[in-house]
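What follows is a set of notes on a single structure, which appears directly below.
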Amino acid sequence: MARPSMLRRTIATPLILSALLVAFALVAWLAGSRPFNQTVIDIFLQVIFVVGLYTFVGNSGVISFGHIAFACLGGYVAAWTTIKPMMKGVSMPGLPDWLMQLEIPFWAAAVAGGGFAAFWALVFGAVLMRLSGIAASIATFAMLAMVNSIYSNWTSVTAATSSVVGIPIVRTVWPYLIAAIIVVFIAWAFAISRYGLALRAARDEPTAAAASGVDIPRVRLIAFVISGAIMGAGGALYAHSIGLVTPDTFYLGLTFTTLSMLVVGGIGSLSGAVLGVLILSSLIQGLRWLEAGVQVGASTIALPGGVQEIALGAVMILILMFRPAGIMGNSELTGRIARTEKPGEPGEN
Amino acid sequence: MSLVSLSNVSVRYGRLTAVRGVTFTLAEGEILFITGPNGAGKSSLLRAIAGVTPPAGGRIDFADHDITGRAPEDIARLGLSMVPEGRDVFGSLTIEENLMVGTGMHARERSWKARAANELEAVYATFPILKERRHTQAGLLSGGQQQMLVIGRALMTNPRLVAIDEPSLGLAPNITDQVYERLITLRAERRLTLLIVEQSSTRAMMVGGRMMLMRGGEILLDGDARALGQSEAMQAAYFGYGEH
Amino acid sequence: MKRLTAILAATTCLSGAAFADDERIVVGFATAETGFMQAYDKPAQDAAMIRIAEINAAGGLLGKQIEVVNADTKTDRAEGAKAGLSVIDQGADMVVVSCDYDFGAPAALAAESSGLISFFLCAESIKAGIQGVGPNSFSASVLAAVQGATMAEWAYNKKEARTFYRLLDTWTEYNKGICDGFDWMMPQLADATLVGEDTFLNEDASIAAQITRIKSLPEEPDAIMLCTMMPGAVSAIKQLRAAGINSMILNGSGVDGSYWLSAVPDLSNFFVPVQGSIYGDDPNPDVTAFNAKFKEVTGGDPSTQYTYPGYVMIDVWAKAVERAGTTETSAVVAELEKMNGEPTLFGPRTFTSELHHQNQARYLIVETNAGKPGVVDEWTISAPIPVADLMK
Amino acid sequence: MAPIMQVVFDALSLGSLYALGALGIALIFGVMRLVNFAHGDVIAFCVFALLWPSVDAVAIIFAGNLPWFLLIPFTLAVGAGLSVLSEVVVFRRFRRANPATMMIASFALGFVIRYFLLMLFSSRPKSISLLPGLSQPVELLGARIPLLQLITILVTIAVLIGLTAFLRRTRFGLEMRAAAENFTMARMLGVRANRVIMGAFALSGALAAAIALILGSQTGTANIMMGASVMLMAFIATVIGGMGSLAGAVIAGFALGAIATVMQVILPPDARAFRDAFVYGAVILVLIFRPQGLLAARGTKERV
């Protein structure tokens, strides 16, 4: 496992990121507005998704279009395990008896969702991790489409395309904050672990890493499973944040939002993953306020409806134009003013 | 008058510096070998001259133009023909198509088609095997034939300078002999300037001409190939540090 | 125009916040002002605003003027939850949510957990109500299943249709609902047979394979029950006719409107159930008058029958509030549940403690003949569809 | 069972759409390793270019009323123009960026185009009667198929022949093929990068416009999402075909069309809804056994 020196050297990154998240939560708490509170919950969920994505994509360098499939798996676990048995019987009559009777708290559902997603990540990953490059990306996309197609049509177990409601809604920001912080620490711990180092070495120097005896598919699989688990837990929490799931929620829209946030933040950086979410979410929120209208003196200035999305796309393009490696590139926030570095970059010891 | 002149050129890949402040000139009609161990920065230097990797510093002149940071196609159009390492043939194109790709740069000039046809015949005359298999996909050729093809392709544009990266890499010695024989003949026929990168100095010593030794991104020695090849300085520079 | 409403909305909520809560009657619209659903929410919301304006002009509700607050769901579920919370925080007594069940549910759930009534503008799934959201949730429209059942029974009785083919677009719950109603009705029609069935996806670029299956039947079916919606519906209809299939096509209300008919020139033998006619030939002259008023207010004719439920919604809710004498949720819900065949401009409405939706309704049948749609008949299914069957 | 010929035509016409789409994506991928996610939105844009901007339900036909011999060149020009514009304004700045960055940039661009259309036209599908003469059935080889289906197939074949001739017989085509295989080497032989890339974008845009015309005539609607499903399948076809291999993209496009059609025919009704799951499963299988695609472009080095 990671050496103590590396722990000390890199621990600042997750601490700073957690502090940022806590700051957001405090703002939400102080603002006391329920819609704003919900916005911050949304941001934390995005942080979980994007950090989950980073754990695989950032370390392995393989772009995955399929991770939202794990969020879907997790989201439905929440539906299966937390809805009142009577309601489940109506909307999803095909569930096995023991599951039908089960009613667990939301945090347990998040853990179960993570576990279920991890299991399927292991199954899919065992097959997919042998691929690399764009073939792997497309295969993950095919996986997403498969999961979506199955969940959209398996009426008795997933209620097909219909929204599954009755999931207990959790509207306080704290559980999401805690989950996001835990996820940031998991991602950090993985990144500085032996596996994380090996994976990044393989990403940067595939031939050299293969020659040095790193079993790339296996290490990738480990990352895939961990990130799948994070996505699954995130999916379950997402379900609890709005109280319903549909397969449609966990498809292309969310896939591209999360990928964009990761790329804008910096694909190979944990700080980038978190900052990407915070920056793009703030941008979206700001544009929405503008769209709703801002009071300037006596008059209200409002952007025409729909401009928000267009502006968001344009700003993303501009950010990438000037920072093609994302806002953070490959570096991390370390709290030092001097040059930042990757956690445990090989060769610096 | 010099055809190529480099002053204080350096090349970087990220944090890695491959070429450090290299300066030299090359006269028209000259033949220059750049030798040195693996990782000396020879190929990087060549790629910088051809415009593939823009230099991080310094200045490169070619045929009275400042070509520092210019696009590869602009440099090619000034008469610099590059044959990169690893015989980059267009595998799915036929031999004849491979040869014709470069002639497009003269399409604005009058009677370029006739000239291209002449060039084609000249290349075929030099490398009869290419003519024989002119409609074969280039990917199906043997290594030696591919090397002939890329050299032929480089000549099709009627260049002033041909820069070749490791023409003997992966070729059987007798084929390498053939390739060199052709290059020497061509140089005599066309007053070509040749810039050849080779890992070992043996070839340079056989062919003759000027030779430079690179190591660690710098030019350590520069002089007559035959004289230098036997000198102790050369031995020391090349083998003294050696590759491990 | 849209910007104007946005400004109005912004000022309304600012000025509104100054009043004490119980002094006001506030309707909160957590609907899509931008994005995909906007085209569907806007007309129904406009119709609702017309009814609100009428009530306010006639002295208001319980002597108070009805105020309106808005929040945009951006056609996004997570945003929908926020929009719901946002209008609730602005003091809404009743929350109007997006037309589609999937997009409206997050806001409706927010209302439900705050103990407020929510009304779906025009959702047609049984889940848009008690079964999905909870005991305080209603829908202003009619269940999709009723549409499928209506078309099957009507075609059987009035058009002598005996052989049916069922073509389902599995994209949405609405589509499946239509076919569920059709499936419920079929066994009740003696000697009617289902000669085949198939599925497709709304986004399929081509349904050639599905058409080939129809064409390989020994005989063209009398009627094709087409359970789909926009935008894929036009494509499917066009391809069916282009392949030379001339069977009558039965639809849900989702394909109502003449705006798309130019895509299938000279379309004939095509039937749609509607709650009211936008074509100016509604048997009830008041509907035509409403259409004129709608045009006066919004500048355009209603483009589909989905404009109407918005009007019905405010109508029945206001009546219930009037009868209850308060906007307090349980009292209003109790009054709503007492409604049995309550007359509205667009047919009678019934709510019970079991179902906050219509499982039987009077439908006008619109036939499109040579590209011209017009009301040809009126039909109410012979028995309401039992809730148990709807929950399958 | 459906008559075999009928199924063959169904498969060919669906495959044609996918093949044209895949070709458009592969052309751009070949020259700049960009997976262009905006392609689907270019398709939608081409259809909407025939309409006058309005958020009313009823479409105001603008260029859509042109006679076919003007309509077709107009649409092709719109597609090529938008595509070239996207290269000049956006993608040119991403030449040295890594493929993931480019991919997200293209997605963002598609997002902008889509919401631009949404703002101008609203989300309600607009009906548009394009080339209405094509909506009649014809009798062929014992199968009764819509004329449009036949025309789709014929147009695709014509486009493929035309494109092949262009690529094989013209100097520009030669340069483009060389560039697609090894862009740097082509540049070192004096091939002008900007011209070739712009040419590829123009061709790709024109192909998108061709799909737009076919889809528009077939569905009779203009809808902001209309390019999306073709784009997804085309994208997959490009990868299965071997990224950058034009012939591979076309073959894989037809293969996907055939698989989807045959699945629809042979699957039992209950399983038909899961058709896409089977298709995507097949895609994974192909990738496992041929990660480089069916016809890997020789010399194409993975850069992802």
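Even glycines carry a Cβ here, placed using N, Cα and C.
The annotation transmembrane segment is assigned in TrEMBL to A:40-57 (among others).
Sequence-distant neighbours of the transmembrane segment (A:64-84) (same chain, 6+ residues past either end, Cβ-Cβ under 8 Å): 49, 52-53, 56-57, 91-92, 95, 99, 102-106, 108-110, 112-114, 116-117, 120-121, 124, 136-144, 146-148, 151, 158, 164, 166-168, 227-229, 231-240, 245, 247, 249-251, 254-255, 258-259. The transmembrane segment annotation in TrEMBL covers A:64-84 (among others).
Long-range contacts of the transmembrane segment (A:104-127) within the same chain: residues 66, 70-71, 73-75, 77-78, 81-82, 143, 168, 170, 175, 179, 220-221, 224-233, 235-237, 239-240, each at least 6 residues beyond the stretch ends and with a Cβ under 8 Å from a Cβ of the stretch. Residues or ranges marked as transmembrane segment by TrEMBL: A:104-127 (among others).
The transmembrane segment feature in TrEMBL is assigned to A:134-154 (among others). Long-range contacts of the transmembrane segment (A:134-154) within its own chain (CB-CB distance under 8 A, at least 6 residues past either end) are made by residues 62-69, 72-73, 76, 94, 124, 128, 160-161, 247-248, 250-251, 255.
Residues or ranges marked as transmembrane segment by TrEMBL: A:174-197 (among others). Long-range neighbours of the transmembrane segment (A:174-197) within the same chain, counting only residues 6 or more positions beyond its ends whose Cβ lies under 8 Å from a Cβ of the stretch, are 1-2, 6-7, 10-11, 13-14, 17-18, 21-22, 25, 41, 44-45, 47-48, 51-52, 54-55, 58-59, 106-107, 110, 219, 222-223, 226, 230, 233-234, 237, 241, 270, 273-274, 343-344, 346.
Non-local neighbours of the transmembrane segment (A:218-239) in the same chain are 45, 48-49, 51-57, 59-60, 62, 67-68, 70-79, 106, 109-118, 120-122, 124-126, 128-129, 167, 170, 175-176, 179, 183, 186-187, 190, 195-196, 198-199, 202, 245, 249-250; each lies 6+ residues outside the stretch with a CB under 8 Å from one of its CB atoms. Residues or ranges marked as transmembrane segment in TrEMBL: A:218-239 (among others).
According to TrEMBL, the feature transmembrane segment maps to A:259-280 (among others). Long-range contacts of the transmembrane segment (A:259-280) within its own chain (CB-CB distance under 8 A, at least 6 residues past either end) are made by residues 13-14, 16-17, 20-21, 24, 43, 46-47, 50-51, 53-54, 57-59, 61, 63, 65, 184, 187-188, 191, 200, 203, 312, 316, 319-320, 323, 325-333, 342-343.
Sequence-distant contacts of the transmembrane segment (A:301-322), counting only residues of its own chain at least 6 positions beyond either end whose CB sits under 8 Å from a CB of the stretch, comprise 260, 263-264, 280, 283-284, 287-288, 290-294. As annotated by TrEMBL, transmembrane segment applies to A:301-322 (among others).
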